Structures are given as C-alpha cells and as structure tokens.
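*Asks:* Sharing a structure here in structure tokens format.
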Amino acid sequence: MDLPVDEWKSYLLKKWASLPKSVQDTISTAETLSDIFLPSSSLLQPEDEMFLKELSSSYSVEKDNDAPLFYREEGNRKFQEKEYTDAAVLYSKGVSHSRPNTEDISLCYANRSAALFHLGQYEACLKDIVEAGMHGYPERLQPKMMVRKTECLVNLGRLQEARQTISDLESSLTAKPTLVLSSYQILQRNVQHLKIKIQEKETLPEPIPAALTNAFEDIALGEENTQISGASLSVSLCTHPLKGRHLVATKDILPGELLVKEDAFVSVLIPGEMPRPHHCLENKWDTRVTSGDLYCHRCLKHTLATVPCGSCSYAKYCSQECMQQAWDLYHSTECSLGGLLLTLGVFCHVALRMTLLARFEDVDRVVRMLCDEVGSTDTCLPESKNLVKAFDYTSQGESEEKSKIGEPPIPGCNVNGKYGSNYNAIFSLLPHTEKHSPEHRFICAISVSALCRQLKADSVQAQTLKSPKLKAVTPGLCADLTVWGAAMLRHMLQLQCNAQAITSICHTGSNESIITNSRQIRLATGIFPVVSLLNHSCRPNTSVSFTGTVATVRAAQRIAKGQEILHCYGPHESRMGVAERQQRLSSQYFFDCRCGACHAETLRAAAAPRWEAFCCKTCRALMQGNDVLSCSNESCTNSVSRDQLVSRLQDLQQQVCMAQKLLRTGKPEQAIQQLLRCREAAESFLSAEHTVLGEIEDGLAQAHATLGNWLKSAAHVQKSLQVVETRHGPSSVEIGHELFKLAQVLFNGLAVPEALSAIWKAERILLVHCGPESEEVRELREMRSCLLDSSFVPVGPLV
C-alpha cells in the first residue's frame, strides 16, 4: 500500500541480488542522495520498464465504455434489495467510467439520484438530477425525474420551486402526451399526491433554523503563534542535541485545549483494497466499496455523490470546485499516471505530489545544492553538523549573516525564525538516508527513476500534441532528471518516519441495529510539517483527530509549563506490550523508545496485562509464568501449559466470530445463544477484563438492541465498558466511544436520567479528544436536547 506492489518489489530485489558486489557497495555506502539516485537510475533497463508497464496495465484507470452498463445493472440489483448506499456507490462507478454527454452518464446520474433520495440526501439528489439533464437524459424519462425533483423540493421546504416544477411537468404532459395510459395514470396520481403535500406544508409554521451548536463550530486557535504556524500560543519550538526539534508548553495547559490545527501540505487517499488486476477473468470490473469510492480525493470529505475526473476512472471528488483545484495543482500531471502510481505505492505518489505542489524553481534550487556537491555530506545529509546551511535555501545570505550575530535559526524556519507549513519545513524533515537498508534505498530510487522517465515521456508527448492536459510538467522540470528524481527520492525516504496516517471514525453495525460500533480507519497518507515536530511517547499527553485533511492536536491531560508535548506514533501502551512497541519503533522510526511507559514496563516483572491474562479455573486468580502457567494465589497449586490455554483461546475466538456473523446476517436470537455459550467458556479460563470477554458483551449488547431489549443491551454495554476502561483508562477516547454507545442504548430505551448521565460523561471525554466538531459530540447534544425538551414525555423504558 505505502510501498510498491509485491510483484515490483520482488522483481527489484532479484535485480539487486544479481548486481555485482561493487555496484551494491556503491549504493550501500552512498552518503548523498545523488550518489544513490544516479547509479540506481542508470541500472533501469528497457526490460525493467516493460515489466513495470505490464504491471501497471493490470491496474488501469482508463475509462471503459462497457463498464457503465455493468455498474448500472449491479446498482439496480442493490437498489431492488433496498441497499441504497451500495447502489449509489455502484452508480458512481458507472459515472466514473462514462464519457460526458452520453446516455450512459445521464442514466447513471439519474439512478444515483433515486438512491440518494431514499437515503434522504435531497440536496445531492437535486444536483444529480441537474447533472443527468445536462448530459442528455432521455426525454421519455423526464416526467419520472421531475416527480422526484418535486419530492426533494417539498422535503426541503422549497415549496415555490416545487409548485413551478409541478406546473412544468403538467405543461410537458399536455404538450407531448407520449406515455402509455397506465404510466400516465400513475404519473397523474403522483402529481395529485404532491399537490396535496405542498398544500399541507404551506399550512405548517415556518421551520426553526438549526441551532448554531449543530453547525460546524469554529475551532480557530485565536491569537497567532508568531513562531509556529497553526499552533496556539501555549506551545513553543525548541531544539535539543538528543531530542532534536520538539514542542514544549509555554504555560500550564488544561485537558482539551487546542494546541495545533494544521492542514496537510500534501495528502493522498489510500485506495483501500487494491483494485483487482484486470487480467482476472472472473471479475473484469470491481464492485467492492473502498475508501476511494466514499471520500473526496482532494479534501477527504465523505460523499456518495462523487464528481468524477473527466479523463480517468479513478479520481473522484465531492464537488466541481475540488475537482478543478486538484486538476490545477497536481492531477493534470498525475491523471495519465494513475495505473503506474497505484503500482508504485502511496509513498511514491505522495513524493510526486509534494514536489508538484512546491514552487518548481525552489525545488530546482534546493536539490541542485545536493547534486552540485556530490562529495559533500554536509548538504546532502541533514543529520550532519551543518544542518542549518543545508536547509536555509530561501535566503542563504541573510541566514549566514544572522548566524554571525546570534544563534542559528532552527532548521525549517525562515529568516525571521518562523516555522511554517510550507515546502521549506517539508524539506527540513529528516530522511534518515543512512539508516534505511540498501535494498529499500534501491527500490525507492529505481521506482522514482521509472516515474521520472514516464513524466519526461508524457511531457514530450504533450509538447508534440500541444495538449494542455500535462501542462504542469514543465520542460524545465523534466530537463534534469537528477534534480527531479533526487527531490522525490528524498521525500520518499522522509515518509517512513514523517508520514501521518489521516484517519476517520467509521460507525458500523447491522442494518437492524440502532446502536453502532466505532472503529478508526486509515483514509489517507499525509505530511504535516508542524505535527511532525511532536516526539513520540507510548503514553502521550495529546490526542490527534482529523476533519478531512485538517489535523487537530488537543491536550489529553494536564500539561505543566515547560513539559514536552508528546504524540503517539502508533505503538501505544494500551495496544501492545513493551517488546513489540520497541521493535516497531526501532524498525520504522530508527530510535529506541525511553518514554515513561516503556521504562515502567521494563522495570516490572514480565506479566501479561489483565486484558490478555488467563485465570485459574479453580480460584479465578490470575495465572503467571512462561511456558507453564501457575496460579498467582499461593494457596492454589493449579498449573497448565500456555499452549493449551492459547489453543482454547483460538477456538473461543472462532466461536465468537461465528456469533458475530449470525448478528450481521440478521439472526440476533441465534447470536445471543452462541454468545452466552462463549461467555460461559471464556469465564472458565480468561480474566474478567480480557478483551475477548469485552467483545462477547459488546455482541450481546448489539443483539439485544436489535431486538429492542434496551435495558438488557445497556447491562451488557456496562460490562463491556469495564473491559475497555481496564485496557485504555477511564479518560481515554475509547471509553468515550463506549459511553456514546451506552447513551444511544439508554436514549432508545427512554431511560432519561441514566441516558443524561451517560451523555454527560461521553461528551466530557470526547470534547477533550475530538473537540466540539466531532459527529459523536453533535449527536450527544441532539439526544440531550431531545430528552430535556418540555414536550418530550417518556412512556417508560422498553424491555
């Protein structure tokens, strides 16, 4: 996903193994980017490019004239099954493969409008109706579309427009009575029904505008930090010989305080599951729903009404504005490279986009500093002592003068000492060139070389054909492949340590269930220069959340003045043990973690955390040991082999998965019976706070909620809460999500005092971690408003 597809990696590893040792040594011992890039690039042969071209053709993003009909029929099948979301996505795939101003695209837009109507997305439905008309929607089908348009307008309260649409429809039917009698009669009944509906709406009082609290709350930082763009005045940028650049608190900070709000300098949406290779005969077209089908490829906004790129079938956007911005900034170059970029991976794609978004003359100037001084490690390896000289390319003379009269500027800062979210800061992020394996450097360098050659070929073709399509690839940019390639290679190496996973909270649950499970999904890979200043801790004092491409960093606890502000890079103490955390951080980020959590765990005796622990079948005390586990209760002599307990746990997990499948397929009663058997088995050898017991209780809560047994569901959520709290802590975002679920159950069960209490607890925690713009916080506030409404009269909880 981040790196090239396995076939290309394997191919290059074989090529690396076949190289003479002298060539391997040249690349392995290279100290500059140009010393890595130039020898590697010279090794890229025509047969290598042909192999990569064949691989890329398997992930083609060209429009297929036969695809719209297939996707429309698949969408129709889902529509008949009332799976309207899946239907909308399939119609969108049809739109993406359609040519403008064809019946194919107009029918796909029209059908998608029907799916959006059933999902209550009336504004999006109206836009699709307009698009269908613009692309030549057949006149014979227009009356049906006008009825749908009227229904949308009525539901939106736009009654004058609804009346005009009805009038236009009646005039059209009178002027061209082409419908068969039965269809005409059905249409007339629909028209009369809509007229009555409009009259009823007109007698209702004006709707009250949505409360301001339901709108997106401004989370501006207030007064601007003059040292760091996008940061609050509560933080300051410092340097340290061991820590490097890092952020510290300038005052005492309270939980929930906003510290950094930064838009990604670059982000690339992750395709999710890779598209099936087109040589797979069993499925020529992919019907799977991935993140690439649900989110705007520029701003990452969730949308079912995607706007397609006019030239490829892959890129999709939330609006014409986003599509045009993407085209102007980078997609005009990337569009024809779609299959190649999918093959080379997200990191290569991000590296290309980072360079495209920079001012090209700056890129040339920066990387020429590296390439012109092939023998100098001072400018090519920013880890070296002449750090400032390597970075301050914006005004080198002024910087040298400044360093004579005082402290040198912090790397990435401009001549005024400000660190911004710009290419200068991006370039200052460390690539750790010497720490990457020789094989990894070779794979990256060859991949970038192949991309550069294709860029040059596209540029020559564009000039020959005088095509504006690839105008972003300027002749100057492709004139020197060393400059272009060295910049992208640097960025590709930077990304292993500096890329940020942009995530979103995904709510899942069966169609019948009103309560939802929350899980974090990775949407995109982004680069955030300011967020990258945060050092890691396995027990961080901040929470990072995302709204589209904007990262928000909040204090997760009290942070004292002078204390370092820390972020978790992924390996968190509540998710994995110290040994696994240390291994992951060392292999990906090249450092040995010495945070408080790692230090405390190393000092403790090696014992499994309670959420992974086994218990004694006799006295329920925790078991301890390595290959053979003994009861921790001194008066109990019970012992058992670890392998035996692990085998039992694996069998139990399979049984839980079977129960979850029953729940997903609409069989809650059977799921309950299966889960109760699982719970009985689990309690005989697992600790009361074991994660699997939490999953069982969560499944029972879902099943009872599906059946409307709200109080029983709430009781199981309470037990699941105990497991989550043991693992993640009482103030964690995970507890916030679980309390949100409890609030939903109690709200639906009309248990007013209990629901209000759960809402208050959930909101208090989620505000700290996610802020007031969180969807869950908004829903909690809506539930509270409803419960406190004087007109709300509970009829007693449903059992």
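The backbone N, Cα and C atoms fix where each Cβ goes, and this holds for glycine too.
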*Asks:* Swiss-Prot lists zinc finger for one of the ranges 296-335, 456-495, 576-615, 736-775; which is that range?
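*Replies:* Here Swiss-Prot associates zinc finger with the stretch 296-335.
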*Asks:* With Arg112, Ser113, Ala114, Asn535, His536, Phe591 listed by Swiss-Prot as binding S-adenosyl-L-methionine, identify the candidate in Tyr137, Tyr569 belonging to that site.
*Replies:* Tyr569
*Asks:* When you measure from the Cβ of Cys312 (Zn(2+) 2 binding site), how many other Cβ atoms are you left with inside 10 Å?
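*Replies:* Summing over all protein chains shown, Cys312 (Zn(2+) 2 binding site) has 21 other Cβ atoms within 10 Å.
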*Asks:* Which residues, sitting 6 or more apart from Cys296 (Zn(2+) 1 binding site) on the same chain, put a CB under 8 Å from its CB?
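*Replies:* Counting only residues 6 or more apart in sequence, the Cβ neighbours of Cys296 (Zn(2+) 1 binding site) under 8 Å are Thr303, Thr306, Lys316, Tyr317, Cys318, Ser319, Cys322, Gly548.
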*Asks:* Around Cys335 (Zn(2+) 2 binding site), how many other CB atoms lie within 10 A of its CB?
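*Replies:* Excluding its own Cβ, Cys335 (Zn(2+) 2 binding site) sees 21 Cβ atoms within 10 Å.
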*Asks:* Would you list the other residues of this chain near Zn(2+) 2 - those whose C-beta lies within 8 angstroms of the C-beta centroid of Cys309, Cys312, His331, Cys335 - in sequence order?
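*Replies:* Going along the sequence, the neighbours appear as Val61, Gly310, Ser311, Tyr314, Ala315, Ala326, Trp327, Ser332, Glu334, Ser336, Gly338.
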*Asks:* Neighbourhood of the Zn(2+) 1 site (Cys296, Cys299, Cys318, Cys322): other residues with Cβ within 8 Å of the Cβ centroid, in order?
*Replies:* Tyr295, His297, Arg298, Leu300, Lys301, Thr303, Tyr317, Ser319, Glu321, Gly548
*Asks:* In whole Å, how far is Arg112 (S-adenosyl-L-methionine binding site) from Cys312 (Zn(2+) 2 binding site) when you measure between their Cα atoms?
*Replies:* 20
*Asks:* Please report the distance from the Cα of Ser113 (S-adenosyl-L-methionine binding site) to the Cα of Cys309 (Zn(2+) 2 binding site), rounded to the nearest angstrom.
*Replies:* 19
